[in-house]
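Q: Can you read through this structure? Questions will come right after.
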Amino acid sequence: MSALISELNPEQLEAVTLPHQSALVLAGAGSGKTRVLTTRIAYLIQSGQVSPHGILAVTFTNKAAKEMLVRIASMLPIDTRGMWVGTFHGLCNRMLRAHHQDAGLPQAFQILDSADQLAVIKRLLKALGADDEKFPPRQVQWFINNAKEEGLRASQVETYDDFARKMVEFYRFYEQQCNKEGVVDFAELLLRSYELLTRNEHLREHYRGRFDHVLVDEFQDTNRLQYKWLKLLAGNRAAVFAVGDDDQSIYAFRGANTGNMKDFEKDFRISKIIKLEQNYRSHGNILDAANTLIRNNSGRLGKNLWTSEGHGEPIRVYNAPTDFDEASFIVEEVKSLRAEGVVLSQIALLYRSNAQSRVLEHALFNASLPYRVYGGMRFFERQEIKHALAYLRLIANPEDDNALLRIINFPVRGIGMRSVEQLQDEAGRQGGSLWAAMGHKYRGDAAFGPNSGDKAQVRLESKPWLDKPKKGVEGFVALIESMRQVCEKLPLPEVVEHMLEHSRLAAYYRAEREGADRLENLNELINAATSFVHEAEDDSLTAFLSHASLEAGEHQAGGGQEALQLMTVHSAKGLEFHSVFLSGLEEGLFPHDNSRNEVGGVEEERRLMYVAVTRARRRLYLSFAQSRMLHGQTRYNIPSRFLHEIPDSLLKWLQPVQKVAIRNEDWGTGRKGSGRVIHEPGHGVPARPADIRDSAASQWRIGQNVTHARFGAGVIVNCEGHGADSRVEVRFGRTGTKWLLLEYAKLTPA
DNA sequence: GGCTCCTACTTTTTT
DNA sequence: AGTAGGAGCC
């Protein structure tokens, strides 16, 4: 016991050993948040206050959940598999599987990811003859998910105009469609689970009786529904231990509600908030920068990070003429860091938006520095994997129209648009699924239905259809039926293998010229199934499909190598690195232009900046470029306001080195082309791109930083006219872009 | 049914 | 700049 808690600081100790009561822990970046959470679980169990059975621990990402389980397992010699530790969605899925009948779901209900959901909505809108100019599918999707995340069904959404009424109508049809197919989207997992507990008193009391302690990680990221779910589950008995950091709330844009922290204080009668402010990660200068920065936000719960370690190095700032120069600066610095012995995997290149990675990748590629970009296409979202999963879904649940439509004619088997439309009409008439419509139409001449399995089996053995596949709908029905038969008897990896061959998916990609990678991914799917069977408690096909939907991000290829880490600031949350490069610190980019019009947008951007800064342990680089290629256009930006919010005393401005990268002919020829950065040490290569022209009034140039008496700092982005008519277009930080007559506007070069 | 061309889009993202 | 998805043509 004492070993568990001996190395905790007083606040951590207080949090870990708190008696049975609800508590809010404000845990700053690097303050040992995960450690406190897991140690508390271990402490509660080891001191006999609760059995593993009585613990419910919730996180947002699978990665965090896994990390939690690993840490608990390292502290306690218990089997963690029976514990309810997981993501909101994972736990709700678990609950709904256990009570699928009470929840009104088929046993093998399938989970739609965002792309699946969008496909269902598109199909629905089309069937309803909706004008997709007026009602873009994405917006409908957004509307539905928002409503669900507020805990509202179509019948409960209040509408004040025709547009909203139309949206609600789509929502209602969407609900019906999902119910018909036995599929649920992500938000539905939460909402169903919530409704199940609301309606079913017996179950509610069962779970309330079971969970003595509910622990929540990243509490600031919970949405309204998740909060309601927690409240419902906790009841009056359970102690809810919520850990979060309002300063690291960066997901308001997708429904996270920091207000939950304040509600929590009230609803759970929290008498005392424990603050973890001692930081074990970063040196003083980095923390001071983060603290001063975040103080510009209003309505914070308030917290100041400190460290017992020294100030460390100053924060390095680099002002680059162009994004290319910025990238080559970073490359040079990375090289010298590596020479100093910092391993590449401990260096992160962070940026606000994914589009910024390209120029960095290019420079890294040319410098032969290994790197890994996070946040690309996920394994389970790849086209070929989606196809394969669609077959598997049909095996598990043939009513899944979405899956059926994806592969009814892939690989092609002569089912054209017309046949599909006929089937859809038929399904519409029957009010059932497409599969049911097929059965209706082909009953008698094709193997179909629960009792026709034997027939299919005989057919399969006597005349293997692989040699002579039946075409058309009849062939498709026979194919799926035979797969369903065969798969009942095989272990999961062999089911996948069988499906890949007999669906002819494997053959299709084997024949495809560029299909090698896809084929490899399909093989990887068999591997994924194999390891799933070894690791999971439940190794059924349905469980595997849930895993594929809920943990799509987990299965990322090519991890572990010694490589630089490239990612957005969002995906860096929770991670730490020896050295961090934060590039693109420009107004319009970070803070992003689009956030300026949103309520609280800039404050969220500032929290994002706070997250970025606090990722660095020892060294932090901040850089910006005066001109940048974005969406095919050169943009001229002024330095980010966040840069000015960090005290100058913490910063060290680096001089532009005499090595300047210029673009040559090859530069834009693509990632794997022969593009090359030319280094010309000591040569006076002009730092500015060649496309900058002198304006009429020659003292002003495009790209020049200027100051305006009223609008403040800006940068000239365009100019026109001669003599007294000369006008310049200036982009200012707050005011946006303005055309100014040089004769009147009091501009000073900055 | 599949290919090519054109257009529209481009903040952040987990489940 | 780059790409994804749709329309239209063979």
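In case you wondered, yes, glycine gets a Cβ from its N, Cα and C as well.
TrEMBL: automatically predicted annotations, no manual curation.
Quick caveat, the model's predicted, so the values are computed rather than measured.
OK, TrEMBL features for this one:
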- A:6-283: domain 'UvrD-like helicase ATP-binding' (DOMAIN)
- A:ALA27, A:GLY28, A:ALA29, A:GLY30, A:SER31, A:GLY32, A:LYS33, A:THR34: ATP binding site (BINDING)
- A:284-574: domain 'UvrD-like helicase C-terminal' (DOMAIN)
Q: Mind looking up the mean pLDDT for the domain 'UvrD-like helicase C-terminal' (A:284-574) in the predicted model?
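A: Averaging the confidence scores along the domain 'UvrD-like helicase C-terminal' (A:284-574) gives 84.
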Q: Among all chains shown, work out which of the binding-site residues A:ALA27, A:ALA29 has the most CB atoms within 10 A of its CB.
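A: Ranked by Cβ atoms within 10 Å, first place goes to A:ALA27.
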Q: Give the sequence-ordered set of same-chain residues, not counting A:ALA27, A:GLY28, A:ALA29, A:GLY30, A:SER31, A:GLY32, A:LYS33, A:THR34, with Cβ within 8 Å of the centre of the Cβ atoms defining the ATP site.
A: A:VAL36, A:ASP245, A:LEU276, A:ASN279, A:TYR280
Q: According to DSSP, folded down to helix, strand and coil, what is A:SER31 (ATP binding site)?
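A: SS state of A:SER31 (ATP binding site) = coil.
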Q: Residues with Cβ closer than 8 Å to the Cβ of A:THR34 (ATP binding site), same chain and 6+ apart in sequence?
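A: Those within reach of A:THR34 (ATP binding site), by Cβ under 8 Å and sequence separation of 6 or more, are A:ALA64, A:GLU67, A:MET68, A:ARG71, A:ASP217.
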